[in-house]
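What follows is a single structure, and I will ask about it in a moment.
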Amino acid sequence: MAGIESKQRRAQKKAAKAAMKEKKNKESNESSTSVEALNEKEMINTIKSPIIETADTADQENESEGSDEVELSDLEGIELEEDADLIRKRKLAINNTVALENIYERIKYPDDISFVENQAVTTKEPIIIENVEDDLARELAFYKQGVSSVKAAFAKLREANVLISRPHDYFAEMLKSDDHMEKVRQELIKEATAKKLSQQAKKQRELKKFGKQVQLAKQEERQREKKETLEKINLLKRKHTGGDLTTEDDFDIALSSASADTFKKGSRSTKSRPQPNPKRQKKNEKYGFGGPKHRSKSNDLDSLAATEFGRKGLKNIKSKKRPGKARREKARK
């Protein structure tokens, strides 16, 4: 029973504090309406005082909530006063237009000052937004207001003969010195050069890798051709020697003729020799060969073959046979 009574007392204290809070809020609202009759300094003080009071009440409320926290499980089975659980926190909002207008009149520019000095533009129509919670619509309204204000300001500045655009030949001194910008330029050039060199090195590595692949493929192709050529030669040898050839060893006649033409005597050497210039040949036939003449009267292979001492002439000359022993003895006597 003692626990239930303590819980009831706590709940009653909480309800009493909430009632005191509502009473203070009503008093602050009544005090804000009476600000119109006060002077300017009193108005400012009245603006500050409710804020301080609300801060104090908020601190007191936080302290009271911290000290008198009651769990929901403890309040079960207790009959509270009517509307005790409907107490909610409410922020105090003050919109004292009279004080704000008085302050504005005090700090605003005088009417006789020129537009060039203050450059203050006030829109003719207020901003009207259907849904103030829509961020896009709100920002669009601010943008339109700014554009219209800038256009109005440009018109007033043109009337006052004030230049509002930069000339085409305007030379603006840079914030950084020339030495600093030269260092920046050198650094940018260095970075660009390093990037270019890295790209070139990467490209060379790729080409080298591709070149190795091509070289290996070429070597494999040469080995395969060499193997095929040796097989063809062996088959041709067996064919010419009269060896037994099976159907598996046969190959096309065109292939054998091609291999025979390939291995003709002197066929490779004639192709590899450089051919004489036809223009040079014509001149040699017309004017003769302009080379050395000191051996022009010496015999060569063709001239020697034309005589009896040539290879053909010597073949016709038969050597005398050696006489027999009886003839040799007879000749000695």
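Yeah, the Cβs are placed from backbone N, Cα and C, and that goes for glycine too.
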Can you check which of S64, S272 Swiss-Prot annotates as phosphoserine?
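When Swiss-Prot is consulted, phosphoserine appears for S272.
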Should anything in the same chain at least six residues away from the compositional bias 'Basic and acidic residues' (218-227) have a Cβ under 8 Å from its Cβ atoms, list it; otherwise answer none.
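Contacts of the compositional bias 'Basic and acidic residues' (218-227) (Cβ under 8 Å, skipping residues fewer than 6 from its ends): none.
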Can you check how the pLDDT averages out over the coiled coil (212-240)?
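The predicted confidence over the coiled coil (212-240), as a mean pLDDT, is 88.
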Could you give the number of helix, strand and coil residues in the region 'Disordered' (203-227) as assigned by DSSP?
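Counting residues per DSSP class in the region 'Disordered' (203-227), I get 25 helix, 0 strand, 0 coil.
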